[in-house]
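Features reported for this protein in TrEMBL:
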BINDING   83, 84, 178, 179, 180, 245  beta-D-galactose binding site
ACT_SITE  178  active site, proton donor
ACT_SITE  309  active site, proton acceptor
């Protein structure tokens, strides 16, 4: 059973609506997680190496100020729709909806003020915390009043995130957590010595604005074949890749399945990702540029972390042959992702 503590982390600036930001610390024998009520953000995640030494393996900030300024969604829950929607536009039942454009010509991770930038209402559980918020009808251009619950529980070495939602009108939804991992410890300069595998036979090629072209391409014979572990730095060089920011198409089904594994041989740390979601966005921190001061005044350069974001396929609301991202009144959106930490 995990121990749960709560404390005040800070107060939102008046121009952001004020309000107290709380921090929840979940601790077991092998994992310690800090989660903020602002954006349901994983602010720290400590796991042991093969010698039993703890290190914080997620990027973030020491103070609330870092999280209230512009940053690349460190550790936050993003929504209503994670990832990109082409031109921030979609048509549903004959009506066109226009969203805020915050990523070139596209809408990204919920728009100008997505779920990552708002305070959630917490409820402490025996081994975790459940966050709730009501997203009003029309928020960021999305239809329907949406009730959302995000629950974090820690069971031994397994961090579980469950996402639930109910809507008053038909609406697109795809929720994920945007934690940036470095198994060597946050502040380490790169992830080139990490071994990564993703259990996906296909991926989504993208255009120059990172919107899927619509093709579902086989990974076989390409740099996107990660079905067997690859050493990231060598792999990027071999296939002349700038990095990954792509959706991998997971085996379909609502049951829990292992979809990805990361291993850092020098420390022995491992992380497995299991999920019920249809997609996994693998992102290698290509846009990190060293300009942000993170925890302990460290900087985060390009490729200093990776994200494994379980979610629906990007731009699914505009691609009828992708898994549907639409939620109807009377239905419940319900997905779970498991992060399992260990050593090898």
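Glycine residues also receive a Cβ, built from the backbone N, Cα and C atoms like all the rest.
Shown here: features listed in TrEMBL, placed on the structure.
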residue	record	Cβ contacts under 8 Å, 6 or more apart
83	beta-D-galactose binding site	108, 109, 174, 176, 247, 281, 309, 311, 314, 315
84	beta-D-galactose binding site	103, 106, 107, 108, 209, 210, 211, 314, 315
178	beta-D-galactose binding site	72, 73, 74, 75, 76, 77, 78, 82, 109, 116, 307, 309
179	beta-D-galactose binding site	42, 45, 58, 74, 75, 307
180	beta-D-galactose binding site	58, 59, 60, 72, 74, 75, 285, 300, 305, 306, 307
245	beta-D-galactose binding site	206, 210, 281, 282, 283, 284, 286
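Considering only the residues assigned to beta-D-galactose binding, 83, 84, 178, 179, 180, 245, the longest pairwise Cα distance works out to 18 Å. Its own atom aside, the Cβ of the residue listed as 'active site, proton acceptor' has 25 Cβ atoms within 10 angstroms in the protein chains shown.
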